[in-house]
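S.K.: Provided herewith is a single structure, encoded as structure tokens, for subsequent inquiry.
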Amino acid sequence: MLKTVHQKAGRHTRPVRAWLKLLWQRIDEDNMTTLAGNLAYVSLLSLVPLIAVVFALFAAFPMFSDVSIQLRHFIFANFMPATGDVIQRYIEQFVANSNKMTAVGACGLIVTALLLMYAIDSALNTIWRSKRTRPKVYSFAVYWMILTLGPLLAGASLAISSYLLSLRWASDLNTVIDNVLRILPLLLSWISFWLLYSIVPTTRVPNRDALVGAFVAALLFEAGKKGFALYITMFPSYQLIYGVLAVIPILFVWVYWTWCIVLLGAEITVTLGEYRKLKQAAEQEEADQP
């Protein structure tokens with residue numbers, strides 16, 4: 001009886017072990033942690049230019065003036081670790097200084113922000129091992145669309161949410177709205193990762209695989225955010241070492257950890273499709289044998 005149970009358990013866990021082995025093999029071959037380090041470096045260089053471009057877009061639309069403040073607080077409260085308020089103050093100072101630049105400097109900011117998107121494109125297509133390339137004009141159009149429409153859509157959604165919350169009939173739904181707002185960061189992360197894994201690769205990505213990989217990445221992102229905040233709160237020894245500069249290594253580590261999660265979700269998405277193809281090929285080979 002016990003032997004039968006072990007045999008059945010082995011049959012059920014064998015595919016999982018094979019898939020995990022394939023996942024680890026791909027992570028090792030793609031040098032995922034090195035790719036994450038490259039993206040973290042480019043992100044830190046592009047962070048202020050990217051935020052400056054986004055805020056400039058909001059400034060161009062007076063209707064979004066109040067929403068931009070809400071969006072700023074929402075991002076730093078839900079997508080940054082416990083020191084988000086400190087990082088927010090520094091970044092806002094940097095952005096305020098960048099607003100004093102000339103037209104040439106502003107163009108440099110835009111180019112730097114677009115370089116981050118190019119780096120993300122290259123890293124994801126390296127993981128998908130896609131040799132296809134988009135026309136440069138098409139790639140630029142996609143990057144610019146993400147850079148402009150993304151913040152505006154986020155601002156519009158926050159404006160609609162604020163309007164609905166201000167309605168009288170919505171006061172009876174406070175409990176429901178509170179519960180929705182709690183899971184909103186997870187949902188936004190899931191949708192963002194899904195769009196990233198579906199649109200950026202130059203090869204076709206099965207929608208189901210992208211949803212699974214994005215969901216795992218979103219869960220890891222939320223868990224990592226909570227764990228990182230707990231570590232900062234419970235073990236403040238880094239403050240004794242770095243003092244007032246403690247926020248710098250925290251930001252570096254958080255950006256690197258975030259890119260590790262993003263690329264791991266991409267590896268999971270790719271591995272799901274590759275494992276399915278290998279399994280189908282093995283079954284076809286067995287069927288062809290006399």
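Cβ coordinates are placed from backbone N, Cα and C, and glycine is handled just like the others.
Note that the structure is predicted; figures quoted are calculated from it, not measured.
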S.K.: From the topology recorded by Swiss-Prot, do Asn207 and Tyr231 fall on the same side of the membrane?
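M.R.: Checking Swiss-Prot: the two residues are separated by the membrane.
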S.K.: What average pLDDT does the predicted model assign to the topological domain 'Cytoplasmic' (265-290)?
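M.R.: It averages 83.
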S.K.: Take the topological domain 'Cytoplasmic' (125-139) and count its residues per DSSP category (helix H/G/I, strand E/B, coil), listing them in that order.
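M.R.: Reading the DSSP string over the topological domain 'Cytoplasmic' (125-139) gives 8 helix, 0 strand, 7 coil.
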